[in-house]
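Trainee: Pasting the feature list from TrEMBL:
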- 184-486: domain 'Phosphofructokinase' (DOMAIN)
- GLY191, ARG255, GLY256, GLY280, ASN281, GLY282, THR283: ATP binding site (BINDING)
- ASN281: Mg(2+) binding site (BINDING)
- GLY282: site 'Important for substrate specificity' (SITE)
- THR309, ILE310, ASP311, MET354, GLY355, ARG356, GLU410, TYR462, MET463, ILE464, ARG465: substrate binding site (BINDING)
- ASP311: active site, proton acceptor (ACT_SITE)
Amino acid sequence: MDTLSPPIITSTVSIPFSNSSVLVRPHGLSSLILRKPRSPAANPSLISSRSSFTRASAVEHGKSSVSIDLSDPNWKRKYEREFEERFSIPHITDVFPDAEAIRSTFCLKMRSPTEEFVGGYPSDEEWHGYINNNDRVLLKVIRYSSPTSAGAECIDSDCSWVEQWIHRAGPREKIYFRPEQVKAAIITCGGLCPGLNDVIRHIVITLEIYGVKNIVGIPFGYKGFSDKDLTEMPLSRKVVQNIHLSGGSLLGVSRGGPSVSEIVDSMEERGINMLFVLGGNGTHAGANAIHNECRKRKMKVAVVGVPKTIDNDILHMDKTFGFDTAVEEAQRAINSAYIEAHSAYHGIGIVKLMGRNSGFIAMQASLASGQVDICLIPEVPFNIHGPNGVLKHLKYLIETKGSAVICVAEGAGQNLLEKTNAKDASGNTILGDFGVHIQQETKKYFKEVSMPVDVKYIDPTYMIRAVRANASDGILCTVLGQNAVHGAFAGYSGITVGIINTHYAYLPIPEVIAYPKSVDPNSRMWHRCLTSTGQPDFI
């Protein structure tokens, strides 16, 4: 579905730096940040800055087109203003300035809606459960004193504190849609992820509390908008009451789909004026394109995303739903690999976990289990062979411990595999199977050194994706679903909802799809993982 690919951003950023020894690496921010100097060999993605930083790669990372002159005494205020503009969220009134705001029909004082929604939910006293439109959440909470601090994210060489505020999520006192005129649709795209049914359930329940009676599910993602054989599914609390007790998606999932124009045509034909899209970066790019097309056609439609990626690779957010469940389920596979390896003579257990571009699951699962000796992720380069390679250390582990467990992310070591130009329906490059590769290389190496080993390989990917959400994810899904509905009724569109510094916030979709979030090899969490495994650098 080429039309739903993330947009190409052609801006460049030029920022003078006073400290030429500081290295620059965008990571998890839509701003330019300074990192402590590290060896390019250890991380080739680091780029050294000189007197200025004009980056073609700012294009790929979706950076701002505004140049910031650090010699300007007012640069900090200008930066904060530019940040505020980029993170402002689109509203119905941008296109319909005369749109009527009515009293909210969401109030927990009275749970039964009246026939006439304009009066809202009557109560004897004012309800203080609403969020003010000016409420904000702080995006970054650590004040680094030096670029050499572990995980430092600095805008200038002095690590000046710059406040970055984003919109707080929640119900507003005024809404811009009359519930009796709303037709809401929900779609789930991409692969399966624990918690999909939980989010669907709470979107439906919250819509009904507002008073919406016309709620449908679009089957099999964006494809459901164009396939005439797929009919929309009526949804109500009765339908979704128990769906969170099982994994998968009530609506089904798929990758790819029709063009943006076809989707909006279908929405117009069906009378859909609220669309809730559950998916990852590609799906959100599609949702943003749909939002823009609706604006272009002057359709009063709210398009709201709920970030769904088991890999936890969405920018700015503490975590995405399904991630905690994935880490918990991964423990079963790691424990099985440990038992197999520990019970065998010279046993080696290899576990491959999800993580195309980021190693969050592999890192957190390794840290949580305490049974992993080697953790390999896409963000940290390594060699398999050679005096400092993975296999040499594996031989040392067998000689000293008698067994070993390796945990690899699916996107790790792709530079060591034969390249493929094949892509899936979402446009993602189909990765080589590094888990199988390291299994084969391990057997080959130990055969060459005449050391008998018993290698067991476990790939629990689809077992993990299909389970129901655990308690932690269940809570996250519940609140994400609720806040998605609150955002739509408040008149926002082209937004997504996420948890940031333990608070829930709305962000403009372009800011969260600029590039995938990844593990910072200089972060404290990766250092903690290395402390747990005891592994050396494999370079």
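From the backbone N, Cα and C atoms, a Cβ is placed for every residue, glycine too.
Because TrEMBL annotations are produced automatically, they should be read as predictions rather than curated entries.
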Trainee: Out of GLY191, GLY256, GLY280, which has the highest number of nearby Cβ atoms, where nearby means within 10 Å of its Cβ, if these are the binding-site residues?
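Mentor: Max Cβ neighbours within 10 Å, all protein chains included: GLY280.
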Trainee: Mean pLDDT for the domain 'Phosphofructokinase' (184-486), rounded to an integer?
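Mentor: Within the domain 'Phosphofructokinase' (184-486), the model's average pLDDT equals 95.
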Trainee: Just how many other Cβ atoms lie inside 10 Å of the Cβ on GLY355 (substrate binding site)?
Mentor: 27
Trainee: Within its own chain, what residues at least 6 apart in sequence put their Cβ under 8 Å from the Cβ of ARG465 (substrate binding site), listed in sequence order?
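Mentor: Those within reach of ARG465 (substrate binding site), by Cβ under 8 Å and sequence separation of 6 or more, are GLY191, LEU192, CYS193, PRO194, GLY247, ILE310, ALA326, MET354.
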Trainee: Please report the distance from the Cα of GLY280 (ATP binding site) to the Cα of THR309 (substrate binding site), rounded to the nearest angstrom.
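Mentor: Given the Cα positions, GLY280 (ATP binding site) is 5 Å from THR309 (substrate binding site).
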Trainee: Can you tell me how spread out the substrate site is, meaning the largest CA to CA distance among THR309, ILE310, ASP311, MET354, GLY355, ARG356, GLU410, TYR462, MET463, ILE464, ARG465, in Å?
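Mentor: Answer in Å: the longest Cα-Cα distance is 17.
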Trainee: Rounded to a whole number, what is the top Cα to Cα distance in Å among the residues the record ties to ATP, namely GLY191, ARG255, GLY256, GLY280, ASN281, GLY282, THR283?
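Mentor: Value for the max Cα separation, rounded to a whole number: 13 Å.
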Trainee: Want to know which binding-site residues, from ASP311, GLY355, GLU410, MET463, are within 10 Å of THR283 (ATP binding site) at Cα; which are they?
Mentor: none
Trainee: Per residue, counting other C-beta atoms within 10 angstroms of the C-beta, which of the binding-site residues ASN281, THR283 reaches the highest number?
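Mentor: Ranked by Cβ atoms within 10 Å, first place goes to THR283.
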Trainee: With ASP311 (substrate binding site) as the reference Cα, tell me which of the binding-site residues ARG255, GLY256, ASN281, GLY282 is the closest one.
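Mentor: Out of the listed candidates, the nearest Cα belongs to ASN281.
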Trainee: Determine, to the nearest whole angstrom, how far the Cα atom of GLY355 (substrate binding site) is from the Cα atom of GLY282 (ATP binding site).
Mentor: 15
Trainee: Quick one: pull the CA-CA distance for GLY256 (ATP binding site) versus THR309 (substrate binding site), whole Å only.
Mentor: 16
